């Protein structure tokens, strides 16, 4: 039996990892360029059979539709007959990593011209990049390749564009993006939600409810509020003989590694009054032969929340320190080049290794995720299992952030029908020595630049340098942006279906496509892939719905003391916490979240409201075994109590099944699909496009103020 090397991957695996598949050398019915992709890791699942059936039905439906299209266009195609015993010579594939790297397109896009020569609709899609700033080069390049008309200075005719690409979340987004049919690449409030402390609050709430599911995040303390808790943890660890514990201090507003330092005692914190995060340091990272610490930047895409759809990019980045790692001690803990993987920090070190070619990056300070997966695989690491676990981290982290994403969307587009928001996210993951992935941070605006600065000979980077092409960034970011645009415009299936060719009659273009064998750079991981595995974590949206009934969404996203008192009265919880005691409890919770004992009229954020719910649930349902069961009982109790006011929290989320292909879609804000906010002329609207927004104001049921 012969052995062929395949770099093709199914959409659930990182690009470029190497797999072997045995093919008989004389078996002309199975050309070597059609080798079966590597199979992704599967753990025993209970309810995934339904999702597999859905996927199969969807595949069969697409194939039938494709056959119809090919049949209709067959008389217009230039055909090339290929006899079974005269198959075209396949692309040469070598088992060496170098040959694979050499055969890959340097830009991350197919070598063939991909500029669309035809429209997929009655008009061409448009994109506004006037606020893209540093993202503009890559976005413009991808737009051109896809055939999107770009407006780098905005449209002079004041007509809306199909896509708006911004480099940051703009406070006046609702004034810039006025059409519900448009797509914009940022969710309102996402910058704040992804900050270190806000992210920690989101994950901490889920850890209380699902401790085993959220063990991938290090122990964390928010200062100054949690200083006493941090001291208590440290004393307990010392009593248990853990004398070599180290912690990492991160300013909440910090970025690119600024202001970060290591400590091994609470007494070493430089400013206990500063708003900052202290995390347990991962002192046992997985290392390779070069003994350099590294982490992964994995890219996720939230396609929409209506319906909810989360994707992962098959290719990511591995970022390496520039000095060899040793466990921190009093002699080396200040050497950040050995402890922090941040590119912005390490690029200033003379030991930083830039990569001019894909072959160079196998030893560079910035490498492809797939390259490192191959290197780890050769050392016996089970990379399929690792990739499976990393994707679950992306899903679980996004679900933890989801309630507040919904809240900020409703607040920002309170008086308007909002557009479809989508967002590329960067998830920083480190691997422990035992192969366990740990989430470090989430970046709401990961860099999409595809170049870097190389210092002039004999000078340091601080003295300036020359901006040159970054081959690693190109291979990662160009397909990422390109496929994200295809995804939100509904062009993904059309583009990649052309690679699944049947029959013996192929056009010349089809033969070129066979050689390229491109696969989608993005694959859906929720709800399609991991819906059965993680669907139970989609839980706190009911709490968010109740929360929004008592918040003045037009002007605020926090709940005031008056709102909490109204919640206690209308949910019949006065026997648990009398209204006169609410203010004292609010002060206690507010200090835990802000470090201030007085609310100053700002109210409590959502996760502080959750702490209030947890407190009530613990007191009201003492016979339940765990907090999750108690909170479930409390939410059901509140739901029943609020029905007399015309409110049902169970209506927040709505799942719909497409009867044609059996695909399940979960709408997190179904009220935006139905009626206007005032409740007048409340009739169901037809969907107009993927925005899932009707041509009317969104509706969120309000509580009847009459008791």
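Each Cβ is built from the backbone N, Cα and C atoms, and glycine gets one as well.
Now, the feature entries from Swiss-Prot:
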type: BINDING; residues: 279, 280, 281, 282, 293, 295; note: ATP binding site
type: COMPBIAS; residues: 677-696; note: compositional bias 'Polar residues'
type: DOMAIN; residues: 124-488; note: domain 'TTL'
type: REGION; residues: 675-707; note: region 'Disordered'
Residue 281 (ATP binding site), number of other Cβ atoms within 10 Å: 20
Proximal but sequence-remote residues of the same chain as residue 282 (ATP binding site) (Cβ under 8 Å, at least 6 apart): 218, 430, 432, 438, 440
Cβ-Cβ distance under 8 Å to residue 279 (ATP binding site), same chain, at least six residues away: 218, 219, 220, 221, 247, 248, 250
Secondary structure of residue 295 (ATP binding site) (DSSP, helix/strand/coil): strand
Site extent for ATP (largest Cα pair distance over 279, 280, 281, 282, 293, 295, Å): 18
Three-state secondary structure, residue 282 (ATP binding site) (per DSSP): coil
Close in space, distant in sequence - residue 280 (ATP binding site), Cβ under 8 Å, 6 or more apart: 218, 219, 220, 245, 247
